[in-house]
Structures are given as C-alpha cells and as structure tokens.
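According to TrEMBL:
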type	residues	note
TRANSMEM	B:6-29	transmembrane segment
TRANSMEM	B:66-85	transmembrane segment
TRANSMEM	B:177-195	transmembrane segment
TRANSMEM	B:253-273	transmembrane segment
TRANSMEM	B:285-304	transmembrane segment
TRANSMEM	B:330-350	transmembrane segment
TRANSMEM	B:357-376	transmembrane segment
TRANSMEM	B:382-401	transmembrane segment
TRANSMEM	B:421-447	transmembrane segment
TRANSMEM	B:459-478	transmembrane segment
TRANSMEM	B:490-510	transmembrane segment
TRANSMEM	B:530-552	transmembrane segment
Amino acid sequence: MTSDIKSALRPVLAMTILFALLLGIVYPLAMTGIGQAIFPRQANGSLVTQGGKVVGSTVVGQAFTSERYFQTRPSAAGKGYDGLASSGSNLGPTSQALVDRITADVAKRRAEGVGGALPADLATASGSGLDPDLSPASAFAQVARVARARNLPAERVRALVAAQVETPLLGILGDPTVNVLALNRALDASGG
Amino acid sequence: MTLQGWILILGFIAILLVLTRPMGTWLFALYEGRRTPLHVVLGPVERGVYKLSGIDPKAEQGWRRYALHMLLFNAALMLLTYVVLRLQGVLPGNPQGLPGLSGHLAFNTAISFTANTNWQSYGGESTMSNFSQMFGLTIHNFLSAATGIALAFALFRGFARRSATTIGNFWADVTRVTLYVLLPLCVLLTVFYIASGVPQTLAGTVDVTTLEGAKQTLALGPVASQEAIKMLGTNGGGFFNANSAHPFENPTALTNLVQMLSIFLIGFGLTWTFGKAVGNTRQGWAILSSMLILFLIGVGVTYWQEAAGNPIVHQLGIAGGNMEGKEVRFGVAATALFSVVTTAASCGAVNGMHDSFTALGGMIPLINMQLGEVVIGGVGAGIYGFLLFAILAVFVAGLMVGRTPEYVGKKIESREVKLAVLAIAILPLIILGFTAISSVVAAGLAGPLNKGPHGFSEILYAFTSGVANNGSAFAGLTANTPYYDGMLGVAMWLGRFFIILPMLAIAGSLAAKKYTPESAGSFPTTGGLWVGLLVGTILILGGLTFLPSLALGPIADHLAMISGKTF
C-alpha cells in the first residue's frame, strides 16, 4: 500500500497542477479572449447607453417603482433588483409571509384600478430577483396607470406595449415576454 | 398545462434520443482508447500530459489501484481548492476585493465541488473572486465530471471483460474524457452562451444609472466558460446566487433549452456506450427506457402541480400557475421541466426556486434525488448507480425463478449483491439520520426560513441534495453556519465516495468472472418485462424508505396548502 501511494505521488501532483493550469487558467482566459473579440457587447454585460450614460443591461432587470413607468415584478434581490445579491424569496407554498406580501401588492394594484384576477407574474417575486421581463398581460394591466401619470392617450401606450411583445422562438420555447427596460425607454422616447 | 408545454417536454426528449447514439459512439471510442478526429489537434496535449506526469496510459490497473489513484487525485484537487478559497484575499483576479472564506465554508465548498455536488452555502457574486471561480471551482467542474465518466468506464469494463484482473487506467480515462469530450464541447457552448448574452470578462462589476436615476451595480465575470461545464458536467454550481435563474447565467429561453440538453447529453450517451461495451446495444436502450418512464412520471407531476398553481395564492386574487420564484422568460413549463432534469441528473442547477414550488411540485425533485439520481443521473454516476439497481433487480428476478441471476453475461453472486446493497444503503442512512439529528438540535433548527412542514422539507432537501451529490436546495435554509457546512460536507463526501468504492469492488469482481452465455433459462434483460422490473426495483428499494419522511414534509405541506392553512 505504501509503495502504491509512493508510485501515485508523481501522477497525482503533476496531473493536479497541469489540469488546474489548463482548465482553471488557459481555458477561461482563452474563452475571455474569444468572447471579447467576437461578441464584445454581450461579453461585457449587454449594456445599454443613453446620452452617454450606461442606463442598464438589456439582459438584467432593474427596479421601476414610479407610476410613470411600467413597473417590474417584486424582487427579493437585496432591497430589490440588487445586482450583487440575486435571490428568490424562497417562501414556500404555505408561508404566511408570502400571503402578507402578495396581499399588499394586490392591494396596490387594486388602488391603481386593476380589476379581476391579476396575472401570476405581477405580484410574485422572480427566481433571480432580476427578472427583466413582464408577461404581456402584466404590462397591459399597467397601461391605464402609466397613461394617466403621463397624460397620454391609453391607446398610444397600449400600442407601445404591443410593439414590445416578444413571441417565443418557434412558438414553443418559453412564454411571450415584454422587456421592461426596452418598453420604458420606448415610452420615454414617445415624448409622453 | 398547455399543449405548448408538452411539445417542449417531448421535443426535448426527442432531441436527446437523436443525440444518444452519436454521443454514445464518441464515448465508446474513448472507452476503447481509440483515436478520434480530434486526436490530430489534441493528441500532442494528451501525450504531453502523460509524459510530464510519468504516466503510461497502457498500464492497466486493478480495481484497488484504480480506486486509490482516483481518491488521491480527488483529495489533492480538494486541498488545492481549500487553499485557494482560504487565501482568496491575497490572490490575484479579485477586482471586488473579496476576503478569504471562513474555514467551515471553504471546507464545505471544497468537498462540494470535488464530489460533483456543487452545493453552495454562499452567494457567488458576493463571495467568490473571479480567480476562485476559475481556478478553485471550474477545474472541479471538469475533473469531477471526468472522474464520474472514468468510473462508469471502469464498471463497464467489469461487465465486458472476461477472467481479467484489471479495469483500465484511471489517468488515461480522466485525461481522454476531459480533452476529447468535455473541453471541446465546452468551447462550443461557451461561444454560444456569450453570443446569447452571458458575460465573459475579467471585470468584477459595472455600475449603471437606472432610468429612474438609481445606482445599480451588476456583478460580472468569466461566467460563460463556467456555465458551459457547469451544465455539461452535471455540476450545477452557479456563478451567481440565483444560479440559472439569473439572467446573466441563462438569458433566453433558447439558452435554457441548451442548458437542459447539456445536463442530459452525456448521461443519455453513456447508456448507449454501455450497450456497445457489453456487445448488445439493446441492453443500453432497456436502461434508457426505464429511466425515461421514471422521468416522464416526474415531469408530469411537477408540471401539473406548478401549472395548477397554489390555491392559497389564488384566494388573494392571482390567476394561473405558480410564478413565485420563476422567471417570465421561462414560464411554468420550462421551469418545471428544468427542475426535474436537474434533479434526475445530479446537476443541481436551478432556473427557478424549488423552495417556492407547490408542495408536490417540489416533492418530485426531492424523490428524484432520493432514488439516488439514477434517472439519467450525473455524468457517469447516473449509470453506475443505475447498474447497482440492475444488479439488485436481477437478484430479485433470480429469487423469483430460483436460478443464479445473470446480467449481460456475468453471474451475479452474493459478493456483488452485498456490495450493491452496501452502496445503496448509504443514501437513506445518512439522509434520514442527518435530517433527524438536525430536526432536534438547536443548530439544526436555526436553519429553516419557512415554518411548519415546509421548514422540515428544507432540512430534508438539504441532506438529500448533499448525499445524492445534487447541490440544488430549498434555498431558504441558512446553510453557511459551522453546523450545516460541517454536516453537509461530511454528507457530500460519504455520498460520493462511499458509493464509488463498493461499485469499483463490484467492477473488479465482475471482471474476474468468466462469460456465461445466455441460455433458455436466463432472465432476459432487454424486453418490457425487464424494464418494468427495473422501474419497480428502483421505486420499491430506492423509494419506499423515504415515504415516512415525505409524509412529514411535502405531503403534510400539500394537505395544508389545499386546506388553506398557512404557517
């Protein structure tokens, strides 16, 4: 056994060092080089600039709480949409804390005049806390409030939302979505 | 449930069935040590590795030596990661200036990644420097996966060889699998992920000013290169806390599909490789069929429950399926499917929070792991775990017909059956034992976020995930404490290596046996009867032990949920 271990020593040490270098240094650095060369925008976070300022990422969600904007979903990432603390709420199906949070969010929507059953994503926290999207139904549910806040005709705001609905790839991959940052930028650009 | 959802699920399986044979053939070439087209490019690298390490790839090893070298290699890698994580604060590649990890967290994480579990007691973006992610963790994602596949090869050789004393060379198996399967596929996947919006940079963070004028700091890093092997090697350790729910890890519905496909790709292929190795590919298809039956039952239940939603939430004025903890771009169907895929395999990546699933929707991931992740399973680990069940199944069949059981030309005798039981018994022993202890001691009870039966489910899920080397969590549990880091570290280590050693002993003992040709009296191991027997054996031997614990956790939770009781 001792001689077995001794004979294994060189392969163990050499393989550990060689593969750590290959897989832990060469591979990720080579991939970084390729990514930065071919897809620099995506490799650096798909950032969106507006007037020379970085205003967000097309991929990651940000907090929208003003009534003049379409609001993103409730978030459990830090104090909301914290890019350094992604997280879901992790509240289970029988959690009273979940019931309390949803009750408050539903009451807020009711106060804005949204009637009927709310779309499921509007009052639930996402898995990452950084969900960039809303379902089309959740976006349409906010049209009346946004139009009121901006003194715009509801029809025009509704058309802006409709133009931002992304249909699933091949009709089956994922659900239809509305990217909230893109929608709100379109809203700002529409002059309302 | 929608038609669209089921098309996704069935289409997903169809794509994998098409890929099974090509993947299996490729793996078979490596199993045999044959040349592949990639040898032109990577052959010199392979030979260089052997030369520098003093390895003769043709030197065959018996099971004891194979096991010893595997263990020493894994121990060395684990030690390396422990040191890297402890010293993180003074090492380069740390743009956020993060401090070194605590002793218990580094201990837990080093074991976790060595054991192909990737349980994470930490949030990646606030704990790990870029260097730690690459040099401390990514290397394990490759090498723990390569180790798993190498071990499966060793067991295949046990079945395939006749009157032999050896089961291959560990170093050659690990090197070939890493260089000719994992690395090339990861290069392709990484480029695809970057193109789809997954960052790949050495920068740590970027500040943005939101449209509302607030400051948001986004964590970045070399994400794509880690994401590729995280899924392909069924590791599952996320770069970010939210794992594949994070838009930077999994930005689109298409990346989500590719991630799910890469979790299963090698596992599907290995069933074909096994059939080829024992000289009858129908043996492989029979295994895959029984896996798929169990898989489809699981997907059906989880998708049904998640699509039906939570009646307590419906009462509050919310319509539709359960979206708590889910991302809009995936929706209910793709999240339910992902959760069953990731726990059927030993991946443990999540694209939604399992803790917030409905009670029964979240029970299926739990059951998948309790069955030992033999439904496709982790790369390598899935098929060797499954073959342990196959040994028990032929033994049960042998008892019923009163003959010596045989499987793919090998007599299964008392030694193999004892070793298989030993390997399988470790799961309930540690899962239930550690859960029971944690449900009564104060340090254990301090963990759960949720109250009531769901809190118990969080503890049960943690130890199930640890022992089964999955790594997913009911993440409400606060696990970064000396108690849970320590207990889960031990659980993960035993769950990985306490199965491997008896399994390799079986490989050695089978290799030494003569070939027993199939006769009229042999129990056929290819038809529907065999598939049914396998499914039954897995459910009864693997699952029944856990029924009482499920009754205390998810089933009680479900009854509370449908009667509107909250905690």
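First residue shown is number 1, and so on along the chain.
Just so you know, glycine gets a Cβ as well, placed from its N, Cα and C.
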Checklist entry - Quick one: do the transmembrane segment (B:490-510) and the transmembrane segment (B:66-85) reach 3+ CB pairs under 8 Å, ignoring pairs fewer than 6 apart in sequence? => result yes
Checklist entry - Which residues, given as numbers and ranges, are at least 6 beyond the ends of the transmembrane segment (B:357-376) yet have a Cβ under 8 Å from it? => result 264, 267-268, 291, 294-295, 298, 301-302, 305-306, 308-310, 322, 325, 336, 339-340, 342-346, 382, 385-386, 389, 424, 427-428, 431, 454, 457, 460-461, 464-465, 468-470, 472, 474, 538-539, 542-543, 545-546, 550, 553-555, 557-558, 560-561
Next on the checklist: Is the transmembrane segment (B:382-401) in contact with the transmembrane segment (B:530-552), using at least 3 Cβ pairs under 8 Å (sequence separation of 6 or more) as the test?
Outcome noted: yes
Checklist outcome for this item: The answer for the transmembrane segment (B:177-195), taking Cβ pairs under 8 Å and residues 6+ beyond its ends, is 26-27, 30, 36, 38-39, 42, 45-46, 142-143, 145-146, 149-150, 223-225, 227-229, 231-233, 255, 258, 262, 266
Item to check | Highest-contact recorded stretch vs the transmembrane segment (B:253-273), from B:6-29, B:66-85, B:382-401, B:459-478, CB pairs under 8 Å | outcome: B:6-29
Checklist entry - In the same chain, which residue numbers or ranges, 6 or more beyond the ends of the transmembrane segment (B:382-401), come under 8 angstroms Cβ to Cβ? => result 151-152, 155, 159, 234, 267, 270-271, 274, 287, 291, 345-346, 372-376, 407, 412, 416-417, 420-421, 423-424, 499, 503, 506, 523, 525, 530, 533-534, 537-538, 541-542
Checklist entry - Near the transmembrane segment (B:66-85), which same-chain residues lie under 8 Å Cβ to Cβ, leaving out any that are not at least 6 residues past its ends? => result 91, 100-101, 105-107, 109-111, 113-114, 131-132, 135-137, 139-140, 143-144, 147, 150-151, 154, 167-171, 174, 497, 500-501, 504
Checklist entry - the transmembrane segment (B:6-29): which same-chain residues, six or more beyond its ends, come within Cβ distance under 8 Å? => result 35-36, 149, 180-181, 257, 260-261, 264-266, 268-273, 275-277, 284, 288, 292, 295-296, 299, 303, 333-334, 337
